[in-house]
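Asker: What Swiss-Prot records for 1-122 is domain 'C-type lectin'. The feature disulfide bond is assigned by Swiss-Prot to 2-13, 30-120, 97-112, with experimental evidence given as support. Swiss-Prot lists 41, 47 with the feature Ca(2+) binding site.
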């Protein structure tokens, strides 16, 4: 079973939120909405199809965050000559997070600090 306003699929509940947030704020929001809640993750193409259909009902061709990211400081950087990176002068560290369009299930990345709509997923009870 799912809480009111959430939609069941398999053993999980899903809800689309129209209020744009940064990726980090959206993930925090999802964790506050339901026990075990997170930004949506996909375990199969069928699940992705279900979520795209769910988002298309409320949003048209919008950016929708999912729970996948590449945190900038977790990247392994290295020089092409194999030397260790012991000097850095980055202008600004930027993390990239993954989104999909409400019209298809193709994944794209963009800076996590930008705003997007989002889908929360939590275990059904």
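Just so it is clear, glycine is given a Cβ too, placed from its N, Cα and C backbone atoms.
Tell me what's around each of these sites.
Answerer: Summarising model confidence by region, the domain 'C-type lectin' (1-122) averages a pLDDT of 85.
Taking Cβ-Cβ distances under 8 Å and a sequence separation of 6 or more, the neighbours of residue 13 (disulfide bond) in its chain are 2, 3, 6, 7, 34, 121, 122, 123, 124.
DSSP gives residue 120 (disulfide bond) a strand state.
Every protein chain considered, the tally of other Cβ atoms within 10 Å of the Cβ of residue 47 (Ca(2+) binding site) stands at 18.
Of all Cβ atoms in the protein chains displayed, 24 besides its own lie within 10 Å of the Cβ of residue 97 (disulfide bond).
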Asker: Same-chain residues six or more away whose CB lies under 8 A from the CB of residue 30 (disulfide bond)?
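Answerer: Set apart from residue 30 (disulfide bond) by at least 6 residues yet with Cβ under 8 Å, we have 37, 38, 39, 67, 118, 120, 121, 122.
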Asker: Among the disulfide-bonded residues listed here, 2, 112, 120, whose Cβ has the fewest other Cβ atoms inside 10 Å?
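Answerer: Across 2, 112, 120, these disulfide-bonded residues, the one with fewest Cβ atoms within 10 Å is 2.
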